[in-house]
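Trainee: So TrEMBL has the following annotated:
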- Gly11, Ala12, Gly13, Lys14, Gly15, Thr16, Arg128, Gln169: ATP binding site (BINDING)
- Thr32, Arg37, Glu58, Leu59, Val60, Gly86, Phe87, Pro88, Arg89, Gln93, Arg130, Arg141: AMP binding site (BINDING)
- 31-60: region 'NMP' (REGION)
Amino acid sequence: MTRLIFLGAPGAGKGTQAQALAQEYGIPHISTGDILRGAVANKTELGLKAKSYMDAGELVPDQLMLDLVRDRLSSEDVKAGWILDGFPRTVGQAKFLDMLLEEIHQSCSHVINFDVPDEDLVARLLGRGRVDDTDAVIRNRLAVYHEQTAPLIDFYSDRGQLISIDGSQSVEAIGSTLRQTLGSSSEIKSAS
C-alpha cells in the first residue's frame with residue numbers, strides 16, 4: 001500500500017507533486033486545502049466556519065480538520081492507498097492521525113518534506129493569483145507554518161519516516177527526485 005504524507009510550507013509544491021504521483025499510482029490525492037476551498041465555495045457549515053481562518057492566513061482549528069480527515073480516510077476509494085497533502089499541520093494533528101490510522105487499520109509509508117526557502121515561496125505564491133494570496137497573508141502563513149507546522153519535521157524524523165527533498169528545483173526535477181527516492185522502496189514499487 002502506498003500511503004504518503006506530504007509536508008512543506010505553502011507554495012512548496014506539495015499539491016503539484018501529490019496530484020502527479022496520485023495519478024501515476026492510481027490512488028487519491030487528499031488535499032485538505034482543496035477540500036476546504038470547496039467547502040467555502042459551496043458555503044457548507046464547515047466552509048463558513050473555516051473561511052474566517054483561511055482569509056486571515058491562520059490554521060483552521062484542529063476539530064474541523066480532524067472531522068474532515070476522519071471522514072475522508074474512511075472512504076472506500078482510499079483502501080489501496082493515498083497521498084495526504086495539507087494534513088497534519090501540527091504535532092497534535094499528527095498524533096491524532098496516528099490514532100486514526102491505527103483505528104482504521106492503516107499505516108503511513110513515508111513522510112515527504114518539500115524544503116524551499118521563504119523568499120522562493122513568497123514569489124511562487126504571489127504568482128499563483130489566488131485571492132487569498134496577498135503579500136501580508138503569505139508572510140503570515142509562512143510565520144504560522146514555521147511556528148506550528150515545522151515541528152512536524154522533527155516529529156517524523158525522530159520516527160525514521162521523514163524524507164526531505166529540495167523543493168526549490170523545477171517541477172520536473174522535484175518529480176524526478178521524488179520518484180527516485182520512492183523507487184527504492186519495495187512497498188512503493190509494488191503499488192505502481
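A Cβ is built for glycine as well, from the same backbone N, Cα and C atoms used for every other residue.
Buried or exposed, and what's around them? Tell me for each listed feature.
Mentor: Note on Arg128 (ATP binding site): other Cβ atoms within 10 Å of its Cβ, all shown chains, come to 11.
Neighbour count (other Cβ atoms within 10 Å of the Cβ, all protein chains): 19 for Arg89 (AMP binding site).
Sequence-distant contacts of the region 'NMP' (31-60) (same chain, six or more residues past either end, CB-CB distance under 8 Å): 15, 18, 67-69, 72, 84-87, 89-90, 132, 137-138, 140-141, 144, 148.
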Trainee: Given the binding-site residues Thr16, Thr32, Gln169, and counting only Cβ atoms in the protein chains shown, which has the most within 10 Å of its Cβ?
Mentor: Thr32
Trainee: Tell me, what is the mean pLDDT of the region 'NMP' (31-60)?
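Mentor: So the average pLDDT across the region 'NMP' (31-60) works out to 83.
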Trainee: Taking the Cβ of Gly15 (ATP binding site) as the centre, count every other Cβ atom within 10 Å, in any protein chain shown.
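Mentor: A 10 Å sphere around the Cβ of Gly15 (ATP binding site) contains 19 other Cβ atoms.
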